[in-house]
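Working notes, beginning with the structure itself.
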Amino acid sequence: MDQLLDEQQQQQQEEDSATSNATNDVWNYVVFVLFVVISALIPIRKRLFRRSTNSKSKQDYVFGAGHISTLAMMLSIARGTLGVISVLGYPSEFFYRGSAMWESLYGVITAYPIVCFVFIPVYFDLGITSVYQYLELRFNSRLVRCLASGTYILRTLLSLGVTIYTPTVALNTIIGVPYWVSLLSITVISIFFNALGGLKAAVAADVIQSLSMTAMLVGIIIYCSITVGGVDKILTISSENDRFAFFNFAADLHLRVTTTSAWLGELFNSLSLLGCQQNFVQRYLSMPTLGQIRRTLMLNIPVVALLFSLPWLVGMAIYAIYYHCDPLRASVIGKMDEILPYFMVDRFDRVPGVWGIFVGTLFNGALTLNISNINSLATVTWEDFLSLIPALRKKSEAHQLNVIKLVGTIYAVLIMGVGFIVGLLSGVIESSMLIISATSGPLLGVFVLAMFIPFANWKGAAMGMVVSHLTILWIVIGRLIESSVSDALLDTSIEGCYADLLLAEKAAASNGSVLLAVALEEGGVNSVEASDLLTRIYSITYMYYGVFGTVLTVLSGIVFSLATWSSQDAYNMKMLHPAVRWLYARCPFSGKHFGSFEVAASYNATRKEAVPKC
């Protein structure tokens, strides 16, 4: 009789638990939908409900007509340096590889003042719409401009394809939403934003995403601190288990990450991103004065440092929870990037709505990044390619704006296609990320040639980009095919796992999943021991690709420029950086061998004066 009562009580508890879980799932769905809808509608509410504010101005669509606040622009620029991949990737990076990659923050911070005082003054005085228009004005060559803008378009398409695919994994795993539904939803909402919003809506969406992401990450850190017994306990656990790996200045180029490679690599990548990429320069030039741009960028450094560090602090906090029971080694999760979603399910499954907010933040993060970059992609395509067509150039501004929005819609569909490919093919994420990093060097290098090398001509710039692209891509392909780069993870423990998790590990071991544990036990990242030259070249860490690409572009550009310079390569010296103009005017060979185009006295490059047509 007692046994029967126990069985009935157990059955009743299971039914109550199932009912509670179903209720929580409903709340999670509701919260997720409301979060995404509200986040999407707030930035474009005026355009929806006030027809009079529906701007017909292309300038307003591209630059926001100078009506964007400094704080909003700060958050938008800071948000542009981070993404959904950071929220999921950095915590898992700390958990399984330690803090070495965290030091790439040094490069990001160093890049800001360089962009502020070196790149921006040149762009601002010219009053350009597309940053790649500057290259044509400097080199008198549409080819150089098209090479640079084509590099940006390719890199952005690949990056966004990976970005919008990332939250679909969480949605499918947690809520059960099919991949195609998530991708289609992101695309449709992006097209809607692109048609109604423009840059102001994109910036507003970035602000909402920055605040929601920050609140979510801070909440996780507070919960973990309370759970383990304080912040000092979190630091102690990470320190005792060798998760801190700061200030490693080893000169080995084959180590995955060192302080040197993180700093230099991220510096060059950030300079290419912040100083030479359309979506960022577009935001700078939307501000009315050079002083406001400088204040925004310099005040943005602590904001970027905070947003960059939060995911790492989350990784540290989650490690303090699971350091004695690694879910990956226990075969509870299949990939290291799933550690944060697993934590949310494990700890907040019974709290209504928490899962919905988390997944909604990831979804909205991919969405806002997609919207911002679609705006920039469409602008670059119009300015650098479509504006060459006489029939389109003669159209009214309203018609041109409609063409730009149509181009943005086409890009949204293409990005969705890349997202589908990422989901279908293995290795596409790693390959695309390597290609993206490989394009940073050539793009930065051609701008260095334009601003700082007085005798650089279009032939040198074009050949420098081509040589750099081919060389870096050759290394990337060799790395993917032939390299034996060690990518072992740090040691983790399952000594504190529950009995059922240990049983799961034993079951997985019989199916071959024990190889995961073997990989984990191999220890830290080792340098490559191969002796042949090609293998050692292929095994160079990808952190240096941006550095090598920039150096190759500049050196090749100088050589080809010296070999091919002619009087036809004369250009307006106002296109150089002011400091370079001052030095060049006082150097011994100024105007003797390489030629010099004297600036007419009547020429005054200000933002209000029309820029010469390309």
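Just so you know, glycine gets a Cβ as well, placed from its N, Cα and C.
The feature transmembrane segment is assigned by TrEMBL to 26-44, 65-90, 110-132, 144-165, 177-199, 211-235, 255-276, 297-322, 353-371, 403-425, 431-453, 542-565 (among others).
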Looking only at residues six or more beyond either end of the transmembrane segment (255-276), which have a C-beta under 8 A from one in the stretch? 77, 81, 97, 100-108, 110-112, 114-115, 118-120, 131, 148, 246-249, 437, 439-441, 443-444, 447, 485-487, 525, 527, 541-547, 549-550
Is the count of Cβ pairs under 8 Å between the transmembrane segment (211-235) and the transmembrane segment (353-371), pairs 6 or more apart in sequence, 3 or more? yes
Same-chain residues at least 6 beyond the ends of the transmembrane segment (542-565) whose Cβ lies under 8 Å from its Cβ atoms: 104, 253, 256-257, 261-262, 264-266, 268-269, 272, 434, 437-442, 444-446, 448-449, 453, 455-457, 459-461, 463-465, 467-469, 471-472, 475-476, 479, 593-595
Which of 110-132, 177-199, 297-322, 403-425 contacts the transmembrane segment (144-165) most, counting Cβ pairs under 8 Å: 403-425
Apart from its near flanks, which chain residues at least 6 from the ends of the transmembrane segment (110-132) lie with a Cβ under 8 angstroms of it? 62, 145, 148-149, 152, 263, 266-267, 270-271, 274-278, 281-282, 284-285, 290, 293-294, 297-298, 300-301, 304, 379-380, 383-384, 447, 451, 574-575, 577-578, 605-611
